[in-house]
């Protein structure tokens, strides 16, 4: 009797993946669950989730302002949702761990959703005279990549491509262009709008929209959020502070130090 061949090893460690998922902070978990819920809702044929919640310039009005917040949660098909979830999870988890759960909620339900949407509507409707609807969490992916690129630029201004030095802050722009070229039905304008807001976030211009820590501590203490909510990240638990440069690299003393060419991004679309 022939001995069955051993199965090839998995490309990932299931135990480590499970451990990582169990350690995800609260807001990140909620975002992932809402994205999954909207994808499941889109499977039925009675009501179109995409038509209801997409960012459609001509549909924005007093009674449909909710679209400014719903479009990042909605996706077109399983592949769109799956790839965006893979790319968004580490970025959003890192942001929440650094800044706290309440700050993440205030920013992502507020300016980090509405500001990219505002830029997109302004250009798409009033300059391009078009009405292309967009959906997808890649708006947050490119926004967070833009913010991280600014932080990286402060400590490592350039990466080397052969003998050419390229500013590290441009890496999301290259990713945006490549995604638009190689991935069909993507929104270059939507991704670019997100990168612009990400740059502003990384430069600290959106600090005014962050609630003061005194107020956040009062809310946390009054509602006992840390004791009541599992995986909640309090103001005093955040890792590196709100706007500090992450200690992933150290700039060379007395000169600029190029970094190797590397990039963490997504190849998924923001669009129908």
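Counting begins at 1 with the first residue displayed.
Placed from the backbone N, Cα and C atoms, the Cβ positions cover glycine too.
Computed from a predicted structure; not experimentally measured.
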Pick from 133-153, 217-237: which stretch is listed in Swiss-Prot under transmembrane segment? 133-153
Transmembrane segment per Swiss-Prot - which of 51-71, 72-92: 72-92
Quick one: find which recorded stretch in 30-50, 103-123, 133-153, 164-184, 186-206 has the most Cβ pairs under 8 Å with the transmembrane segment (72-92). 133-153
Residue 185 (N-linked glycosylation site) -> DSSP, reduced to three states, gives coil
Between residue 191 (active site) and residue 185 (N-linked glycosylation site), find the distance joining the two CA atoms and give it rounded to the nearest Å. 12
For the recorded positions listed here (138, 185), which one has the lowest count of neighbouring CB atoms within 10 Å of its own CB? 185
Compute the C-alpha separation of residue 185 (N-linked glycosylation site) from residue 138 (active site, nucleophile), stating it in Å without decimals. 13
Counting Cβ pairs under 8 Å to the transmembrane segment (103-123), which of 133-153, 164-184, 186-206 comes out on top? 186-206
